[in-house]
C-alpha cells in the first residue's frame, strides 16, 4: 500500500490515472487500525487494477477537509483524479469496501 502525505496526494491521487482507493485514518482511530490489515489484503487481491493508498489525516487535516472527509474511517475511491464513491464510519466494513471496488471496476 502506498503511504500518502499532503505533498504526494495531489500527484498520486488527483493527477493519477485509473482507480485509486484512499484509506483515510488517524493515529487515534481504533476502528481504522482494526480495518487496516484487511484493506492491505484487499490491495493484494486487486493489485494491477486498483492502487491502494493510505493517508494519515493527523498531519493533513486541511487536505482531509478539502476532500470532505468528515469522519473516520473513510475509504474513498477515485477514478482519474475524481472521487467516484466512498464508504465511511459504520459502513466502512471490508465487505462494503470490496463491493464498492467491484461495482466500479466491473463497469
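Glycine is no exception: its Cβ is also placed from the backbone N, Cα and C atoms.
According to Swiss-Prot:
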DOMAIN    2-106  domain 'Thioredoxin'
DISULFID  29-32  disulfide bond
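Helix, strand and coil counts from DSSP across the domain 'Thioredoxin' (2-106) read 46 helix, 30 strand, 29 coil. Summed and averaged per residue, pLDDT over the domain 'Thioredoxin' (2-106) gives 97. Other C-beta atoms found within 10 angstroms of the C-beta of residue 32 (disulfide bond) number 22, with every protein chain shown included. If you draw a 10 Å sphere around the CB of residue 29 (disulfide bond), it holds 19 other CB atoms from the protein chains shown.
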